């Protein structure tokens, strides 16, 4: 049925006129209305009127078991009170049917909620409710009464039969009502800019309200999200826009946000003249009626005021509105964007969004989302998604940095995808950008990458080495630091020249020095411990090589301890053999020689020496990841160097894919962190202390060339997901 409630009452009114007219025409008086012995009362009032009221007023859409009981009990009482029982042809069948369906409906109500019978009970309810619909039961009863009592009445019979067919078909009456309704609407319409949507069913706050569209509203089938509407408030209309729509059981609910101008006044107008009104502060309506609003029907002033609102201009980027539970640091927002927009704009963790705090635009970064549900009507629910955004603040274009913004947005404030400015972006100036924007994040103080130590963490093949090489490149370009790369993989020898001029790179110690160290690795005598191995020779050779490197124009020295043949006495007395130094022990020797050189130059706040620990879990392992006391002592010695190195301008890069196996006393010295994709729980738990649980939970899902960054060198006071530079944009051109 596609009639609204006014139209249904109009249909009932027409049928009442016909019933009263037919009854009066045949009886010549109004006694048939109250005389239950009159056959016209039986057919027109007891049956015809019951059919009309049930079909159009009490049960216009569907019947419930309670309705079935009510109807069949009424028929049963009607049959019991009938004077001429023998005259009704199907009297016994009606009597049995009324008892059968009443008992069955009562039984189904009693069995409701019992899971054992749930499936069969649902089918049985649908069956008896359909069979017992008023248009079926009362129509059959009407024709049975007419045929039984009026078949021999040549005058009344054809008219009552015809009226019965009119009741059964009912389309002529419905067509007439719809025609008159459209005609009345067109004659009384003051403007073609309005189309009735529905009534307000609740105000969520001063500007946001819900509207219910009935199932018989033709506009229910249209997609209304983004449509302009107005709320009728006496002679005034208050402009708004549809944020969201939901459909359930033939009904539609929409959420509307009222539009405000630059002065935060509601945009309102005179409904009759469509002239704007000023100074409206409240939307609370007298009639609660909401209509579609077409811009074409408005004057230029009103049209401009609506088009200049942020919500109208930027509706295509609307992703939600601020939700309950938001805090100063984070907002929660309900998801309003479509799957198409999600694919087009790559919406997900790391996406930059913006909303308004007071009059200031503030950007946030999506870090989480969860599903939820709400009640719509009775026990019907609707699922929805709530996202979480971390406040980043305001991006200062001239300074290329994020600055804090105080407080939080008002609840239900619209949230948009960031539409970034068309800014130039050059990889040489930045280490990365906010995802899908040109908002670059530079290394604000390159020296602090060194002096305050930096950790680069992530699994193999995710971009960890490329990021390290780029950072080294930027240090070479902006500082005078000398870089010492301890690399067991030989990757730096192959790849680093793509980022730094080969003329500035020295590959390990002099070949002759390495050969002499190997040659000095001799067996000794048990009476002379110093004669075993070549550790002392290695230390002195290192000092000489470091002095030569520091005096040269070269900037990078790559050392592979595995190529250094170094051993020491196996014990401190009765020596009969020697043991090779582990990579951790050689790393300690290198580090201690470097801090000795740095301390000899005196204290400084500028970066002098950088030690790069590639595959740091092999060079400075955690105490529970080593098999010998020598490695434990070596790691402690290296940690002491890193701890004391800052005041002499010495620092470190810690690069590892196994956070669980690296010394935490060393990691704790890192004040700048780049965390790429990580899976192990230990790594996530360690980083949680720096970036929080929400960001650490994102580590396993980070895309390639994306990281979570925080730290002193970038002046990032809170963690941020960055899209790192493309390798092809930072490597040196091929010559």
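From the backbone N, Cα and C atoms, a Cβ is placed for every residue, glycine too.
As given in TrEMBL:
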- 12-34: transmembrane segment (TRANSMEM)
- 40-58: transmembrane segment (TRANSMEM)
- 65-82: transmembrane segment (TRANSMEM)
- 94-114: transmembrane segment (TRANSMEM)
- 135-151: transmembrane segment (TRANSMEM)
- 157-177: transmembrane segment (TRANSMEM)
- 431-682: domain 'Helicase HerA central' (DOMAIN)
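Beyond the ends of the transmembrane segment (40-58), by six or more residues, the same chain brings 3, 8-9, 11-12, 15-16, 19, 22-23, 26-27, 32-34, 67, 71, 74, 78, 82, 134-135, 138-139, 141-142, 145-146, 149-150, 160, 163, 167, 170 to within a C-beta distance below 8 angstroms of the stretch. Note on the domain 'Helicase HerA central' (431-682): mean pLDDT across this stretch is 89. Contact check: the transmembrane segment (12-34) against the transmembrane segment (157-177) gives at least three Cβ pairs closer than 8 Å, residues 6 or more apart, which meets the contact criterion. Within its own chain, the transmembrane segment (135-151) has Cβ neighbours under 8 Å at 39, 42-43, 47-48, 50-51, 54-55, 71, 75, 84, 87-90, 94, 157, 160-161, 164, 167-168, counting only residues six or more beyond its boundaries. If one looks beyond the transmembrane segment (94-114) by at least 6 residues along the same chain, the residues whose Cβ comes under 8 Å of a Cβ in the stretch are 65-66, 68-69, 72-73, 75-76, 79, 88, 121, 124-125, 128, 131-132, 141, 144.
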